[in-house]
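Taken straight from TrEMBL:
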type: DOMAIN; residues: 23-140; note: domain 'EamA'
type: DOMAIN; residues: 163-295; note: domain 'EamA'
type: TRANSMEM; residues: 6-26; note: transmembrane segment
type: TRANSMEM; residues: 38-56; note: transmembrane segment
type: TRANSMEM; residues: 68-86; note: transmembrane segment
type: TRANSMEM; residues: 98-117; note: transmembrane segment
type: TRANSMEM; residues: 123-140; note: transmembrane segment
type: TRANSMEM; residues: 161-181; note: transmembrane segment
type: TRANSMEM; residues: 187-206; note: transmembrane segment
type: TRANSMEM; residues: 226-245; note: transmembrane segment
type: TRANSMEM; residues: 251-269; note: transmembrane segment
type: TRANSMEM; residues: 281-297; note: transmembrane segment
Amino acid sequence: MLLFLISTTALAIGVRILVNPVSNVFQKYLTQRQAHPLFVVTSTYGILSIGCLFYLLPNLPKNLPISFWYNSIIFNALGVAGNYFLVKSLHRGDLSVLGPINAYKALVSLVFGLFLLGEIPNAWGIGGMLLIIAGSYFVISQPSSTNGISWAVFKQKDVQYRFLALFLSAIDALYLKKIIVATNANLAFVSWCIGGFLFSFGAFLYTQKNTSFRPHFRILKKYKWYFLALGLSSGLMQLSTNYAFEGIQVSYALALFQVSALVSVLFGVQFFEEKQLWRKLAGAAVMVVGAVLIILYK
């Protein structure tokens, strides 16, 4: 336990927990000011790609395995799609609800991880992940509904987009792990930035081919510091994710990341005046207990 707490992996997980909700705040802020979700995603990757060029030029990698390239294509295609639906969901819905919904990602990655990576969690790991998922009940359920979780919630576009985003990103995480195993966390980060930019920029050009780009660039100019802050927070989030995946199983890491649900709830109430603070915090606290189980019995 002590060794885990002082390890690079633990530091990476801690950074990821704190930074991810910050990134979500900037994403929601920008989309509320008429920034197109795909433009937000493309700008984020673009800002980080510029920084990656300074890293790559003096350190050009050589003899990369073929698995790096085809895993990168799948990884970035899934990643861009997942980020797009994430930003789109934040544009329409509450951060304090959509953040904790992400707990289901651990379960998706657990199922696919069995087949793609051969990762088999122990009983305590499964129990911790189930607690995290159970905690989301209090976040999603409507107090006015006698049935707890109302099916009407799942008909909301923002919730549907969030589930689609987490499904894509959970599978995406498994391919990220493959890239990290084949190379290292830093090269995987470069792949995420540059590959993500190429995919998202291509998608942006295709979807906006009949419209003017000027409104998008006006928004970029007006809120340039927010775009920069989003790029930096997203970059730190992804880099810390890579180092976490380097140290522990993907499904465990994704489960531990859900402690950020507490931060998401607080940010949603603080910055966007969202409601039901204590109910959502209670659900998020159950998720934290699940995360503690994973740490103690890893």
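Glycine residues also receive a Cβ, built from the backbone N, Cα and C atoms like all the rest.
Unlike curated entries, TrEMBL annotations are predicted automatically.
Since we're looking at a predicted model, the values are computed, not measured.
Panel annotation: around the transmembrane segment (6-26), residues 86, 90, 95, 98-99, 226, 229-230, 233-234, 236-237, 240-244, 246-248, 253, 256-257, 259-260, 263-264, 267, 271 of the same chain, lying at least six beyond its termini, place a Cβ under 8 Å from a Cβ of the stretch. The transmembrane segment (226-245) makes contact with the transmembrane segment (161-181), as judged by at least three Cβ pairs under 8 Å among residues 6 or more apart in sequence. Pairs of Cβ atoms less than 8 Å apart link the transmembrane segment (187-206) most often to 68-86, out of 68-86, 161-181, 251-269.
Only residues 6 or more beyond the boundaries of the transmembrane segment (68-86), in the same chain, are considered here, and those with a CB under 8 A from a CB of the stretch are 24, 27, 37-38, 41, 44-45, 161-162, 164-166, 168-169, 171-172, 175-176, 178-179, 182-183, 187, 191-192, 195-196, 198-200, 203. Distant neighbours of the transmembrane segment (38-56): 27, 30-31, 80, 83-84, 87, 186, 189-190, 193-194, 196-197, 200-201, 203-204, 207-208, 216, 219-220, 227-228, 230-232, 234-235; these residues of the same chain sit at least 6 beyond its ends, with a Cβ under 8 Å from one of its Cβ atoms. Residues in the domain 'EamA' (23-140) partition by DSSP class (helix H, G, I; strand E, B; coil) as 97 helix, 0 strand, 21 coil.
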